[in-house]
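Down below is the structure, laid out as C-alpha coordinates.
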Amino acid sequence: MSISYFMKKIVILGSTGSIGTSTLSVITHNPDKYQVFALVGGRNVELMFQQCLTFQPSFAALDDDVAAKMLAEKLKAHQSQTTVLAGQQAICELAAHPEADMVMAAIVGAAGLLPTLSAVKAGKRVLLANKEALVTCGQLFIDAVRESQAQLLPVDSEHNAIFQSLPPEAQRQIGFCPLSELGISKIVLTGSGGPFRYTPLEQFEQITPAQAVAHPNWSMGKKISVDSATMMNKGLEYIEARWLFNASAEEMEVIIHPQSIIHSMVRYIDGSVIAQMGNPDMRTPIAETMAYPSRTVAGVEPLDFYQLNGLTFIEPDYQRYPCLKLAIDAFSAGQYATTAMNAANEIAVASFLDNKIKFTDIARLNQLVVSKLQPQKIHCIEDVLEVDKKARELSQSIILSFSHP
(Lines of atoms letter the chains of each structure in order from A and count residues from 1; the text may use other names and numbers.)
(Lines give C-alpha, C1' and ligand atoms only; values in the text may rest on other atoms or scores of the structure.)
Protein backbone atom coordinates (compact mmCIF):
# COMPACT_ATOMS: atom_id res chain seq x y z
CA MET A 1 0.00 0.00 0.00
CA SER A 2 1.25 3.50 -0.85
CA ILE A 3 2.45 5.60 2.09
CA SER A 4 -0.03 8.33 1.05
CA TYR A 5 -2.84 6.11 2.39
CA PHE A 6 -1.37 5.84 5.89
CA MET A 7 -3.27 7.77 8.55
CA LYS A 8 -1.61 11.08 9.34
CA LYS A 9 -0.97 11.82 13.01
CA ILE A 10 -1.84 15.37 14.02
CA VAL A 11 -1.02 17.51 17.06
CA ILE A 12 -3.60 20.24 17.66
CA LEU A 13 -2.21 23.22 19.57
CA GLY A 14 -5.29 25.05 20.84
CA SER A 15 -7.80 22.21 20.46
CA THR A 16 -10.39 23.84 22.73
CA GLY A 17 -10.48 27.08 20.73
CA SER A 18 -12.46 27.96 17.61
CA ILE A 19 -9.87 26.68 15.08
CA GLY A 20 -9.15 23.61 17.19
CA THR A 21 -12.78 22.52 17.37
CA SER A 22 -13.18 23.16 13.62
CA THR A 23 -10.09 20.99 12.99
CA LEU A 24 -11.62 18.17 15.01
CA SER A 25 -14.82 18.59 12.99
CA VAL A 26 -12.83 18.04 9.76
CA ILE A 27 -11.24 14.95 11.31
CA THR A 28 -14.67 13.48 12.12
CA HIS A 29 -15.47 13.70 8.39
CA ASN A 30 -12.20 11.88 7.58
CA PRO A 31 -11.77 9.18 10.26
CA ASP A 32 -9.73 6.97 7.90
CA LYS A 33 -7.21 9.72 7.05
CA TYR A 34 -6.28 11.47 10.30
CA GLN A 35 -5.46 10.31 13.80
CA VAL A 36 -5.34 12.75 16.72
CA PHE A 37 -1.94 12.20 18.34
CA ALA A 38 -2.04 15.05 20.88
CA LEU A 39 -4.46 17.74 22.03
CA VAL A 40 -3.18 20.93 23.67
CA GLY A 41 -5.25 23.56 25.49
CA GLY A 42 -5.10 26.25 28.13
CA ARG A 43 -7.39 25.56 31.10
CA ASN A 44 -10.72 24.41 29.64
CA VAL A 45 -10.85 21.08 31.47
CA GLU A 46 -14.40 20.06 30.57
CA LEU A 47 -14.05 20.54 26.80
CA MET A 48 -10.60 18.92 26.75
CA PHE A 49 -12.03 15.99 28.72
CA GLN A 50 -14.81 15.49 26.15
CA GLN A 51 -12.32 15.78 23.26
CA CYS A 52 -10.04 13.17 24.85
CA LEU A 53 -12.91 10.72 25.28
CA THR A 54 -14.04 11.24 21.68
CA PHE A 55 -10.67 11.24 19.87
CA GLN A 56 -8.55 9.18 22.29
CA PRO A 57 -5.23 10.97 21.71
CA SER A 58 -1.97 9.50 23.00
CA PHE A 59 -1.32 12.79 24.82
CA ALA A 60 -3.25 15.77 26.15
CA ALA A 61 -1.58 18.86 27.59
CA LEU A 62 -2.90 21.91 29.39
CA ASP A 63 -0.86 25.04 30.05
CA ASP A 64 -2.30 25.34 33.55
CA ASP A 65 -0.95 22.82 36.12
CA VAL A 66 -4.09 22.72 38.27
CA ALA A 67 -6.30 22.23 35.21
CA ALA A 68 -4.02 19.41 33.99
CA LYS A 69 -4.34 17.59 37.34
CA MET A 70 -8.13 17.88 37.20
CA LEU A 71 -8.12 16.54 33.63
CA ALA A 72 -5.88 13.60 34.56
CA GLU A 73 -8.20 12.63 37.43
CA LYS A 74 -11.32 12.81 35.25
CA LEU A 75 -9.72 10.73 32.48
CA LYS A 76 -8.41 8.15 34.95
CA ALA A 77 -11.94 7.73 36.32
CA HIS A 78 -13.06 6.88 32.78
CA GLN A 79 -10.20 4.39 32.17
CA SER A 80 -8.75 6.66 29.47
CA GLN A 81 -5.31 5.71 28.10
CA THR A 82 -4.43 9.35 27.30
CA THR A 83 -1.29 10.64 29.06
CA VAL A 84 -1.83 14.13 30.52
CA LEU A 85 1.04 16.64 30.57
CA ALA A 86 1.26 20.21 31.88
CA GLY A 87 3.14 23.41 31.12
CA GLN A 88 4.87 25.20 28.28
CA GLN A 89 7.86 22.85 28.06
CA ALA A 90 5.64 19.78 27.63
CA ILE A 91 3.57 21.57 25.00
CA CYS A 92 6.71 22.51 23.03
CA GLU A 93 7.89 18.89 23.19
CA LEU A 94 4.55 17.62 21.85
CA ALA A 95 4.73 20.16 19.00
CA ALA A 96 8.09 18.67 17.98
CA HIS A 97 7.24 15.02 18.74
CA PRO A 98 8.86 12.56 16.28
CA GLU A 99 5.56 10.70 15.75
CA ALA A 100 3.63 13.82 14.68
CA ASP A 101 3.12 14.19 10.91
CA MET A 102 1.53 17.62 11.13
CA VAL A 103 0.90 20.31 13.73
CA MET A 104 -2.12 22.61 13.77
CA ALA A 105 -0.74 25.80 15.38
CA ALA A 106 -3.92 27.43 16.69
CA ILE A 107 -3.10 28.73 20.17
CA VAL A 108 -4.28 32.36 20.19
CA GLY A 109 -1.85 35.07 21.25
CA ALA A 110 1.79 35.16 22.26
CA ALA A 111 1.26 31.91 24.22
CA GLY A 112 1.33 30.04 20.90
CA LEU A 113 4.69 31.45 19.88
CA LEU A 114 7.17 28.96 21.39
CA PRO A 115 5.17 25.78 20.59
CA THR A 116 4.76 26.93 16.97
CA LEU A 117 8.49 27.64 16.69
CA SER A 118 9.21 24.21 18.20
CA ALA A 119 7.16 22.56 15.47
CA VAL A 120 8.96 24.57 12.78
CA LYS A 121 12.43 23.81 14.15
CA ALA A 122 11.53 20.10 14.18
CA GLY A 123 10.84 20.38 10.43
CA LYS A 124 7.15 19.58 10.77
CA ARG A 125 4.29 20.25 8.37
CA VAL A 126 2.92 23.29 10.23
CA LEU A 127 -0.66 24.40 9.62
CA LEU A 128 -0.31 28.00 10.74
CA ALA A 129 -3.32 29.62 12.40
CA ASN A 130 -1.39 31.50 15.10
CA LYS A 131 -0.91 35.09 13.91
CA GLU A 132 1.69 36.05 16.49
CA ALA A 133 4.38 33.76 15.07
CA LEU A 134 4.75 36.08 12.08
CA VAL A 135 3.54 39.34 13.65
CA THR A 136 6.10 39.23 16.45
CA CYS A 137 8.82 36.98 14.99
CA GLY A 138 8.52 37.45 11.22
CA GLN A 139 12.14 37.24 10.11
CA LEU A 140 13.16 34.79 12.85
CA PHE A 141 10.21 32.57 11.98
CA ILE A 142 10.79 32.58 8.21
CA ASP A 143 14.52 31.95 8.76
CA ALA A 144 13.66 28.96 10.98
CA VAL A 145 11.32 27.60 8.27
CA ARG A 146 14.06 27.89 5.66
CA GLU A 147 16.71 26.32 7.92
CA SER A 148 14.60 23.35 9.10
CA GLN A 149 12.81 22.93 5.75
CA ALA A 150 9.49 22.76 7.60
CA GLN A 151 6.41 22.89 5.38
CA LEU A 152 4.41 26.01 6.22
CA LEU A 153 0.75 26.07 5.16
CA PRO A 154 -1.43 29.08 6.07
CA VAL A 155 -4.79 28.33 7.72
CA ASP A 156 -6.12 31.89 8.06
CA SER A 157 -8.91 32.07 5.46
CA GLU A 158 -7.34 35.06 3.70
CA HIS A 159 -3.81 33.70 3.54
CA ASN A 160 -5.10 30.30 2.56
CA ALA A 161 -7.10 31.94 -0.24
CA ILE A 162 -3.95 33.72 -1.44
CA PHE A 163 -2.01 30.46 -1.19
CA GLN A 164 -4.61 28.67 -3.33
CA SER A 165 -4.50 31.52 -5.89
CA LEU A 166 -0.71 31.34 -6.29
CA PRO A 167 1.16 29.21 -8.86
CA PRO A 168 2.71 25.95 -7.53
CA GLU A 169 6.24 27.45 -7.64
CA ALA A 170 5.14 30.13 -5.17
CA GLN A 171 3.34 27.60 -2.95
CA ARG A 172 6.60 25.69 -2.64
CA GLN A 173 8.49 28.82 -1.56
CA ILE A 174 6.31 30.23 1.23
CA GLY A 175 8.26 32.98 2.99
CA PHE A 176 10.70 33.65 0.16
CA CYS A 177 8.85 33.41 -3.17
CA PRO A 178 9.89 36.05 -5.75
CA LEU A 179 6.45 37.47 -6.63
CA SER A 180 7.46 39.65 -9.57
CA GLU A 181 9.49 36.83 -11.19
CA LEU A 182 6.33 34.69 -11.14
CA GLY A 183 4.23 37.36 -12.83
CA ILE A 184 2.41 38.44 -9.66
CA SER A 185 1.74 42.16 -9.28
CA LYS A 186 -0.32 42.35 -6.06
CA ILE A 187 -1.60 40.34 -3.12
CA VAL A 188 -5.17 41.48 -2.36
CA LEU A 189 -6.39 40.96 1.21
CA THR A 190 -10.15 41.15 1.70
CA GLY A 191 -11.96 41.79 4.98
CA SER A 192 -15.61 42.14 5.94
CA GLY A 193 -15.10 45.45 7.73
CA GLY A 194 -16.72 43.94 10.83
CA PRO A 195 -20.13 44.77 12.34
CA PHE A 196 -19.55 48.56 12.50
CA ARG A 197 -18.66 49.43 8.91
CA TYR A 198 -21.80 51.59 8.61
CA THR A 199 -22.07 52.72 12.25
CA PRO A 200 -21.66 56.53 12.59
CA LEU A 201 -18.21 57.33 14.00
CA GLU A 202 -19.71 59.44 16.81
CA GLN A 203 -21.37 56.28 18.18
CA PHE A 204 -18.10 54.31 18.43
CA GLU A 205 -17.51 55.31 22.07
CA GLN A 206 -20.79 53.62 23.06
CA ILE A 207 -20.01 50.26 21.40
CA THR A 208 -20.34 47.41 23.91
CA PRO A 209 -18.39 44.12 24.07
CA ALA A 210 -21.58 42.19 23.21
CA GLN A 211 -21.99 44.24 20.02
CA ALA A 212 -18.31 43.86 19.10
CA VAL A 213 -18.24 40.06 19.34
CA ALA A 214 -21.32 39.61 17.12
CA HIS A 215 -19.55 39.13 13.77
CA PRO A 216 -21.97 39.18 10.81
CA ASN A 217 -20.31 36.42 8.75
CA TRP A 218 -17.78 34.31 10.64
CA SER A 219 -18.02 32.21 13.78
CA MET A 220 -14.93 33.19 15.79
CA GLY A 221 -13.56 33.54 19.31
CA LYS A 222 -14.15 36.79 21.25
CA LYS A 223 -10.62 38.20 20.80
CA ILE A 224 -10.64 37.71 17.03
CA SER A 225 -14.20 39.06 16.76
CA VAL A 226 -13.14 42.32 18.44
CA ASP A 227 -10.05 42.45 16.21
CA SER A 228 -12.36 42.09 13.22
CA ALA A 229 -14.50 44.98 14.48
CA THR A 230 -11.44 47.27 14.77
CA MET A 231 -9.87 45.73 11.63
CA MET A 232 -6.76 45.02 13.69
CA ASN A 233 -7.35 41.47 12.48
CA LYS A 234 -6.77 42.68 8.93
CA GLY A 235 -3.75 44.66 10.12
CA LEU A 236 -2.22 41.54 11.64
CA GLU A 237 -3.05 39.64 8.44
CA TYR A 238 -1.34 42.38 6.40
CA ILE A 239 1.84 41.85 8.46
CA GLU A 240 1.54 38.07 8.10
CA ALA A 241 0.97 38.31 4.35
CA ARG A 242 4.07 40.44 3.86
CA TRP A 243 6.16 37.73 5.56
CA LEU A 244 4.38 34.69 4.12
CA PHE A 245 4.42 35.88 0.54
CA ASN A 246 7.61 37.97 0.65
CA ALA A 247 5.57 41.01 -0.44
CA SER A 248 6.62 44.65 -0.44
CA ALA A 249 4.22 47.44 0.62
CA GLU A 250 3.64 48.17 -3.10
CA GLU A 251 2.66 44.54 -3.67
CA MET A 252 -0.10 44.67 -1.03
CA GLU A 253 -3.70 45.86 -1.28
CA VAL A 254 -6.45 45.76 1.38
CA ILE A 255 -10.11 45.83 0.31
CA ILE A 256 -13.33 45.66 2.35
CA HIS A 257 -15.67 42.99 1.00
CA PRO A 258 -18.74 42.86 3.30
CA GLN A 259 -20.10 39.49 2.13
CA SER A 260 -16.92 37.50 2.98
CA ILE A 261 -17.46 35.25 -0.07
CA ILE A 262 -14.20 36.14 -1.85
CA HIS A 263 -11.60 35.35 0.79
CA SER A 264 -8.67 37.05 -0.96
CA MET A 265 -7.16 37.49 -4.43
CA VAL A 266 -3.94 37.63 -6.40
CA ARG A 267 -3.39 40.10 -9.25
CA TYR A 268 -1.11 39.07 -12.13
CA ILE A 269 0.85 41.29 -14.50
CA ASP A 270 -1.30 40.27 -17.51
CA GLY A 271 -4.41 41.77 -15.89
CA SER A 272 -5.77 38.49 -14.50
CA VAL A 273 -7.15 38.36 -10.98
CA ILE A 274 -7.45 34.92 -9.36
CA ALA A 275 -9.78 34.75 -6.36
CA GLN A 276 -10.72 31.97 -3.96
CA MET A 277 -14.41 31.86 -3.03
CA GLY A 278 -16.56 29.81 -0.69
CA ASN A 279 -18.93 29.98 2.25
CA PRO A 280 -17.33 31.66 5.28
CA ASP A 281 -16.44 28.47 7.17
CA MET A 282 -12.98 27.89 8.62
CA ARG A 283 -13.23 24.16 7.96
CA THR A 284 -12.50 24.84 4.27
CA PRO A 285 -8.98 26.32 4.73
CA ILE A 286 -8.30 23.84 7.55
CA ALA A 287 -9.17 20.88 5.30
CA GLU A 288 -7.14 22.38 2.44
CA THR A 289 -3.98 22.59 4.56
CA MET A 290 -4.50 19.14 6.09
CA ALA A 291 -4.92 17.43 2.71
CA TYR A 292 -2.56 19.59 0.57
CA PRO A 293 -1.76 19.01 -2.25
CA SER A 294 -4.90 16.81 -2.40
CA ARG A 295 -8.43 17.74 -1.34
CA THR A 296 -10.66 16.23 1.32
CA VAL A 297 -14.22 16.54 2.63
CA ALA A 298 -14.63 19.35 5.17
CA GLY A 299 -18.32 19.12 6.03
CA VAL A 300 -18.92 22.55 4.48
CA GLU A 301 -22.04 23.40 2.47
CA PRO A 302 -21.23 24.23 -1.19
CA LEU A 303 -21.52 27.89 -2.18
CA ASP A 304 -24.97 28.60 -3.65
CA PHE A 305 -24.46 31.36 -6.24
CA TYR A 306 -28.22 31.90 -6.59
CA GLN A 307 -28.48 32.90 -2.93
CA LEU A 308 -25.87 35.66 -3.29
CA ASN A 309 -27.22 39.19 -3.45
CA GLY A 310 -24.14 40.56 -5.19
CA LEU A 311 -20.53 41.10 -4.18
CA THR A 312 -19.42 44.58 -3.13
CA PHE A 313 -16.02 46.15 -2.45
CA ILE A 314 -15.17 49.25 -0.40
CA GLU A 315 -11.91 51.13 0.13
CA PRO A 316 -10.86 51.05 3.83
CA ASP A 317 -11.44 54.29 5.78
CA TYR A 318 -8.55 54.76 8.21
CA GLN A 319 -10.62 57.11 10.39
CA ARG A 320 -13.02 54.25 10.98
CA TYR A 321 -10.21 51.68 11.22
CA PRO A 322 -7.13 53.35 12.80
CA CYS A 323 -5.81 49.94 13.92
CA LEU A 324 -5.43 48.87 10.28
CA LYS A 325 -3.34 51.95 9.47
CA LEU A 326 -1.26 51.45 12.62
CA ALA A 327 -0.42 47.86 11.61
CA ILE A 328 0.63 48.91 8.10
CA ASP A 329 2.87 51.64 9.55
CA ALA A 330 4.22 49.32 12.27
CA PHE A 331 5.53 46.88 9.66
CA SER A 332 7.53 49.71 8.08
CA ALA A 333 8.86 50.75 11.52
CA GLY A 334 10.23 47.27 12.21
CA GLN A 335 9.74 44.04 14.15
CA TYR A 336 9.80 45.74 17.57
CA ALA A 337 6.82 47.91 16.52
CA THR A 338 4.66 45.02 15.32
CA THR A 339 5.54 43.05 18.47
CA ALA A 340 4.67 46.00 20.74
CA MET A 341 1.45 46.70 18.86
CA ASN A 342 0.36 43.07 19.10
CA ALA A 343 1.04 42.91 22.86
CA ALA A 344 -0.76 46.21 23.46
CA ASN A 345 -3.72 45.02 21.43
CA GLU A 346 -4.05 41.80 23.44
CA ILE A 347 -4.20 43.84 26.66
CA ALA A 348 -6.54 46.42 25.09
CA VAL A 349 -9.04 43.86 23.79
CA ALA A 350 -9.06 41.94 27.10
CA SER A 351 -9.64 45.21 28.97
CA PHE A 352 -12.46 46.19 26.61
CA LEU A 353 -14.14 42.77 26.96
CA ASP A 354 -13.81 43.27 30.74
CA ASN A 355 -15.56 46.67 30.46
CA LYS A 356 -12.44 48.49 31.70
CA ILE A 357 -11.93 50.66 28.61
CA LYS A 358 -14.05 51.96 25.73
CA PHE A 359 -14.03 50.51 22.21
CA THR A 360 -12.26 53.66 20.95
CA ASP A 361 -9.56 53.23 23.60
CA ILE A 362 -8.31 50.07 21.86
CA ALA A 363 -6.73 51.98 18.96
CA ARG A 364 -5.71 54.81 21.29
CA LEU A 365 -3.82 52.43 23.58
CA ASN A 366 -2.15 50.58 20.70
CA GLN A 367 -0.91 53.85 19.18
CA LEU A 368 0.38 55.16 22.52
CA VAL A 369 2.34 51.98 23.28
CA VAL A 370 4.00 51.83 19.85
CA SER A 371 4.93 55.54 20.01
CA LYS A 372 6.26 55.41 23.59
CA LEU A 373 8.36 52.22 23.38
CA GLN A 374 12.02 52.72 22.55
CA PRO A 375 12.89 51.21 19.13
CA GLN A 376 15.24 48.23 19.35
CA LYS A 377 16.67 45.59 17.05
CA ILE A 378 15.24 42.07 17.25
CA HIS A 379 17.97 39.42 17.02
CA CYS A 380 16.42 36.44 18.81
CA ILE A 381 13.27 35.12 20.46
CA GLU A 382 14.40 36.54 23.83
CA ASP A 383 14.38 40.04 22.30
CA VAL A 384 10.82 39.45 21.08
CA LEU A 385 9.67 38.29 24.52
CA GLU A 386 11.37 41.30 26.15
CA VAL A 387 9.58 43.77 23.86
CA ASP A 388 6.33 41.87 24.39
CA LYS A 389 6.74 42.11 28.19
CA LYS A 390 7.62 45.83 28.12
CA ALA A 391 4.64 46.58 25.88
CA ARG A 392 2.24 44.69 28.17
CA GLU A 393 3.53 46.50 31.27
CA LEU A 394 3.29 49.87 29.51
CA SER A 395 -0.24 49.02 28.34
CA GLN A 396 -1.39 48.22 31.87
CA SER A 397 0.01 51.48 33.23
CA ILE A 398 -1.57 53.54 30.43
CA ILE A 399 -4.97 51.90 30.99
CA LEU A 400 -4.91 53.13 34.60
CA SER A 401 -4.73 56.70 33.24
CA PHE A 402 -7.82 56.18 31.03
CA SER A 403 -11.16 57.21 32.51
CA HIS A 404 -13.42 54.17 32.80
CA PRO A 405 -16.39 54.00 30.42
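Using N, Cα and C of the backbone, Cβ positions are placed for all residues, glycine too.
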Record-annotated Mn(2+) site (Swiss-Prot): member among E73, E93, E237, E250 besides D156, E158:
E237
Between E158 (1-deoxy-D-xylulose 5-phosphate binding site) and E132 (NADPH binding site), what is the CA-CA distance rounded to a whole number of Å?
16
So which binding-site residues are near E237 (1-deoxy-D-xylulose 5-phosphate binding site), with CA atoms within 10 Å, out of T16, S18, G42, N44?
none
Pairwise over T16, G17, S18, I19, G42, R43, N44, N130, E132, G221, annotated as binding NADPH, what's the top Cα to Cα distance to the nearest Å?
22
Looking at the binding-site residues S18, N233, which sits with the largest number of other Cβ atoms within 10 Å of its Cβ?
N233
Drop a 10 Å sphere on every Cβ of the binding-site residues T16, N44 and tell me which sphere holds the fewest other Cβ atoms.
N44
Taking only same-chain residues 6+ apart in sequence, whose CB is under 8 Å from that of D156 (Mn(2+) binding site), what do you get?
L128, A129, K131, E237, E240, P285
For E237 (1-deoxy-D-xylulose 5-phosphate binding site), what is the tally of other C-beta atoms lying within 10 angstroms of its C-beta?
29
